[in-house]
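Inspection log for the structure reproduced underneath, given as structure tokens.
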Number of protein chains: 2
Amino acid sequence: MSVTAPAGFRAAGVTAGLKPSGRPDLALVVNDGPEHVGAAVFTQNRVAAAPVLWSRTAVGDGVVRAVVLNSGGANACTGPEGFADTHRTAEHVGEVLDVSAADVLVCSTGLIGERLDMPALLGGVDTAATALSPSGGRAAAEAIMTTDTVTKQAAVTRSSQTGSWTVGGMAKGAGMLAPALATMLVVVTTDAVVEAADADAALRAAARVTFERVDSDGCLSTNDTVVLLASGASGVRADREELSDALTVVCGDLARQLVADAEGAAHDIAVTVSGATTEDAALAVARAVTRSNLVKTAIYGNDPNWGRILASAGTVPAEVAPFEPDAVDVAINGVTVCRGGGVGEDRTRVDLVSAREVRIDIDLHAGEAAVTVWTNDLTHDYVHENSAYST
Amino acid sequence: MSVTAPAGFRAAGVTAGLKPSGRPDLALVVNDGPEHVGAAVFTQNRVAAAPVLWSRTAVGDGVVRAVVLNSGGANACTGPEGFADTHRTAEHVGEVLDVSAADVLVCSTGLIGERLDMPALLGGVDTAATALSPSGGRAAAEAIMTTDTVTKQAAVTRSSQTGSWTVGGMAKGAGMLAPALATMLVVVTTDAVVEAADADAALRAAARVTFERVDSDGCLSTNDTVVLLASGASGVRADREELSDALTVVCGDLARQLVADAEGAAHDIAVTVSGATTEDAALAVARAVTRSNLVKTAIYGNDPNWGRILASAGTVPAEVAPFEPDAVDVAINGVTVCRGGGVGEDRTRVDLVSAREVRIDIDLHAGEAAVTVWTNDLTHDYVHENSAYST
């Protein structure tokens, strides 16, 4: 499990003292090689935090030796001074590990608009470096937790005639799921032998159908980062497609864990849109539904309110998603409560109480494309956690 | 005040029996002329309710004699039978008033996906027709209320050398503000002499800068309708610009009343984006902020969390709204808590407790355009009202 499941990686998680709670708050993941391939995807938010600005540049050459991650502060909206703090963090990790700072990525999560306690952070790096271990994955996964109630870890091993290779990963957050603490951070590792270009393409492909399809409140963090490190330590080569497939399994597993642990949620909701003309059309309709506060509050109230679902779908412009409103079927947990845009089966047959997981299936009857997006319901706890957070 | 403020109009509000509560639920507004100019704007939702489909066609010739409005049922997602119900309603109003059904607009608000009680509704039309009065505006405004706690009415009189003319109006809702009941309905009347084309253009111009700039939860109703009726009874001619100006005053007043009475809200929030390259750019940033659940829960928590405001602005693509994140200032109730994308004045100086109204001013420092969008905070009461509504 976790980032130390593949060969060639050591990790550590320690208490640097950034969190008032005194819980672990600094993680270090080191790629011992023999190869040091790295790739990453970042938040699309234009207000990107200092560590995102740094890491985006550092990963540009496809070489990454280590990732340092801290909870207890996002280092976002902190200006040139905040960027200098990130730079100094990377320099310090580079010195301690005897690698170039330009090959060190930095990830931060926590409050926006406040400087980090740099003495504490740098001391934590020293502690973490001495604690690095091939079995340190779990400790690292613990140190990046914010409002997460459990660690998120996953791994998969692939075998071929030439041998086997593994993908492991850890996650916290996510930005869209636990927005009070603003950030989804993910580190995925593999001991497969991969080209840098393949690593980049495979990570983007996997993220597109996993992390980009969980959407709790439509908010986009300033710090979201997904990193892939490849050590080549298995000696087994993986091509782009094989790597993408294994990454999709691990990232999909992590994404589902994020939904299951989302702040204040009472239900996990899988919105599947089928019968769309294109995948983009299906995605646009699914996002309109997953971002509707009315749908999300209805599910919280155990109310199979298909009218709100249909009305959300109707907000998508026809040029984006062609379909006839009068042709749409909506099923909630298997009961087709809306048929042909009107009343379908008896809504009292829908059971929303027995399970946390809710399935909403929308058939547009306009084509062959289908997409699933996960979200959560909108609850009193969500309002409480997000209104009581920073003051 | 209200729709009977201008000369040439009668109105009534009665109890037809559509609401289980027994409160007034049917309103009738009649234009006695001498002219019968009508214009209307409708929801952009593709899942449009039967009354929207009917009224959109009926207003096409620019002639409207009467509007019948009911609460207690939206008649949305009710299929061909629901459309037949709307048609029958218009026919019945036409018979009772001795006008063509094609000159009768229909508006409905309430639950989606249920048929209306037609005997009750048609009986209510008969009762309303006998109750029609030049002082019936207030009763009509009461009959269209759903979760509204007060009626919304407004009027303004304009004078020129040739005489004076009046614009009056009533509203309920709104779709985006009181989404549990799904709909913003507005009727605006005037006794000015106006061309049909001017009425249409002036109404669209006024709605664009008033009703389209209140946005409580980003949801778009299936039934939203804004109707303008012009009787010409003052004998005073108004050109497009004069009419648009007066309509903007009345519609702006009604829109502000809708925000002030939004379901479950504790704060009204005016988000003003200035220094944008274009009005569309300013509007895109303002909407990103007004639709952020994180911003809205922060304000509910009396937390001047400017990081969430800046992060919301950052989700708008650069091609839509060009600006430098490092140049942005954010002021909350006059305190510039974020300056140049970083920490500004002391956030503890922001007072969010003393007044319901909150001002968020975002200066992009990229141009000259500015826009204000109104919204509300996201509260426990919002979640309660919208999760407990239909079951």
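Count begins at 1; order follows the chain as displayed.
Even glycines carry a Cβ here, placed using N, Cα and C.
Unlike curated records, TrEMBL annotations are generated automatically.
What TrEMBL annotates here:
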- A:Thr183: active site, nucleophile (ACT_SITE)
- A:Thr146, A:Lys172, A:Thr183, A:Glu263, A:Asn386, A:Thr391: substrate binding site (BINDING)
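Contacting chain B by the Cβ rule (under 8 Å between Cβ atoms), the recorded positions A:Thr146, A:Thr183, A:Glu263, A:Asn386 reduce to A:Asn386. When the alpha carbons of A:Thr146 (substrate binding site) and A:Thr183 (active site, nucleophile) are compared, the span between them is 9 angstrom. For A:Glu263 (substrate binding site) paired with the residue listed as 'active site, nucleophile', the C-alpha to C-alpha distance reads 12 Å. A:Lys172 (substrate binding site) sits 8 Å from A:Thr183 (active site, nucleophile), taking the CA atoms of both as reference points. Cα separation, A:Asn386 (substrate binding site) to the residue listed as 'active site, nucleophile', rounded: 14 Å.
DSSP assigns A:Glu263 (substrate binding site) to coil, not to a helix or a strand. For the recorded positions A:Thr146, A:Thr183, the largest tally of other C-beta atoms within 10 A is found at A:Thr183. Scoring each of the binding-site residues (A:Lys172, A:Glu263) by how many neighbouring Cβ atoms lie within 10 Å, the top position goes to A:Lys172. DSSP gives A:Lys172 (substrate binding site) a strand state. Secondary structure at A:Asn386 (substrate binding site), as computed by DSSP, is helix.
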